[in-house]
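> After the structure tokens below, expect a handful of questions from me.
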Amino acid sequence: MDHPVKLGDFLRSRRARLNPGDVGMEVQRHRRVPGLRREELAQLAGVSVDYYTRLEQGRSKNASPVVLDAIARALQLNETEREHLFDLANPICNPARCGKVLQQDVLPETRVLLDTLERADVPAAVIGLRTDFLAANLMFRALMIGFDTMSPHERNLARYVFLDPRSRELHRDWAIVAADATALLRFAIGRHPRDPRLHELTKELCLHSEDFRRIWDEHHVLERISGVKRYRHPAAGEFTLGYQALTLPGDADQMLLIYTVDPASPSETALRLLAKWARANDSQSQDNGSS
């Protein structure tokens, strides 16, 4: 699917979620379809109906920033959605966006940071633009059930969530995790529309996961960079962790994912138990490797 079509799909999905009453328009009865009509959106954005229609149908290219900003305001887009709109409308030709595979490397300083967080019993990992786990400390590998048995191909957030049944066992709020992973991919494709591996990944997920196909068609883009996740772990039981996703300096397509826990809470006790289990398993693996 080419980029203008993706832009049209995104605009239609955002237009469909707004009703006239949401934007101060008179609500008429017996509307055949939900959401704003094209002419209503064009009126709010201050553009002609013909121009907006051509934009939504992929027949108008290189929309000006002023027009895009007006459409973003009319659609009540948040900052992440607004950035996604601009990416879809005006893709920039950097290596990843021109069909070349962008190689992502984790800086040595970042690996040192992961080790430092590990010593404090803090699970942490670096996630790349294709939701690959580029690096992870021992605590994170212990948290993600089966991580150390995965192949490099399988060490990917989206693949784990949708294609590995252990993910549903681990995440007590799997539907939320699945929606966030899909939104992260959607945002990445907006930034890198010609990255071949991103498209291979989405095709793979569409082929093998009905849940992914359904969520993908909702056209949500990444919004949550912090929140809470509830886990059910075979070694530590049920617990809740907070998380933050921080963009790393030097590469806007790498995120440092850090988990936190409320002090003196049952979840902290569970995290300490997970740390003890992780180190015991790691020591056993090292002993087996040296024997």
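Each residue, glycine too, has its Cβ placed from N, Cα and C.
So TrEMBL says this about it:
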- 27-82: domain 'HTH cro/C1-type' (DOMAIN)
> Express the predicted model's confidence over the domain 'HTH cro/C1-type' (27-82) as a mean pLDDT, rounded to an integer.
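On average, pLDDT over the domain 'HTH cro/C1-type' (27-82) sits at 81.
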> I'd like the per-state residue tally for the domain 'HTH cro/C1-type' (27-82) from DSSP, helix first, then strand, then coil.
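Tallying H, G and I as helix, E and B as strand, the rest coil: 30 helix, 0 strand, 26 coil.
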